[in-house]
Amino acid sequence: MERGPTVGAGLGAGTRVRALLGCLVKVLLWVASALLYFGSEQAARLLGSPCLRRLYHAWLAAVVIFGPLLQFHVNSRTIFASHGNFFNIKFVNSAWGWTCTFLGGFVLLVVFLATRRVAVTARHLSRLVVGAAVWRGAGRAFLLIEDLTGSCFEPLPQGLLLHELPDRKSCLAAGHQWRGYTVSSHTFLLTFCCLLMAEEAAVFAKYLAHGLPAGAPLRLVFLLNVLLLGLWNFLLLCTVIYFHQYTHKVVGAAVGTFAWYLTYGSWYHQPWSPGIPGHGLFPRSRSMRKHN
């Protein structure tokens, strides 16, 4: 007889708690959606600015040229000074894989949502295939340079003993060290990835301006690419501060910039190429049609 009101009050309290939690979840989802929308809009506007993109090239050059001077003002025992640090192993050594995964998803969504054409989507994704070929070709070229300029040494307590072994393979097989001119492949790859990602992500501003579908998944993928681009900039700075010789880093960055210029700055503007980012995605304005 006395338990009825108690049970009813308990059920009422439970209902109110569930309703309160439901409202809280809705508010949190609304806030997350608003932040996602605002963040993607601002990042797209920033990366889509031609002036800021030119300044970005100057920023990368300054990082590589003047960044090594910071080694005299930073703690040499920090985690980023170790070759075995988490970021170096998990991200820098696999930078192209991370870039292809994140950027490939972004290009796939942007191109397909804008055109609904598989052939056009495949053409734009082929830029990543070209990038992979550039990365592989550059890596082999760097190894060839090291082979052609190197000599075989045996470490001794008194110093180094020079051996007349003909190539690096036989030198390493004998347990010795091969020392040649080593272009920084990490500096090359990070520079190339930074320029490539900035170029590809810049198209999102124009995509939004044309009112094309831009739901939460696409905006989230875009922001993940922006975060990865920021990480590459940070790790490039760490690389030039803590690792490699100065000229090795400068040459690596110069080759990465030259590779970007040959592809995005030159070849992709030709009709027989994969095309520049955004090519064929957006309807031409009436004024352009009248002008033509």
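Cβ from N, Cα, C; glycine included.
According to Swiss-Prot, the feature site 'Important for catalytic activity' maps to His248, an assignment based on sequence analysis. Annotation source Swiss-Prot lists topological domain 'Lumenal' at 1-18, 76-94, 163-187, 242-249. Here Swiss-Prot flags 40-54, 116-141, 209-220, 271-292 as topological domain 'Cytoplasmic'. According to Swiss-Prot, the transmembrane segment annotation covers 19-39, 55-75, 95-115, 142-162, 188-208, 221-241, 250-270, on the basis of sequence analysis.
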Margin query: I'd like the per-state residue tally for the topological domain 'Cytoplasmic' (209-220) from DSSP, helix first, then strand, then coil.
Written below: 6 helix, 0 strand, 6 coil
Checklist line | Secondary structure composition of the topological domain 'Cytoplasmic' (116-141) [DSSP: H/G/I, E/B, coil] | finding: 24 helix, 0 strand, 2 coil
Check: the transmembrane segment (221-241) and the transmembrane segment (95-115): do they have three or more Cβ pairs under 8 Å, with pairs 6 or more apart in sequence?
Finding: yes
Notebook entry, point to check: Out of 188-208, 221-241, 250-270, which stretch touches the transmembrane segment (55-75) the most, going by CB pairs under 8 Å?
Noted result: 221-241
Item checked: Same-chain residue ranges lying at least 6 outside the transmembrane segment (221-241) that approach it to Cβ under 8 Å -> 36, 39-40, 43-44, 47, 60, 63-64, 67-68, 70-71, 74, 80, 87-88, 91-92, 95, 98-99, 102-103, 105-106, 109, 184, 186-187, 190-191, 193-194, 197-198, 200-201, 204, 249
Item checked: Sequence-distant neighbours of His248 (site 'Important for catalytic activity') in its chain (C-beta under 8 A, six or more apart) -> Tyr181, Thr182, Val183, Ser184, Thr187
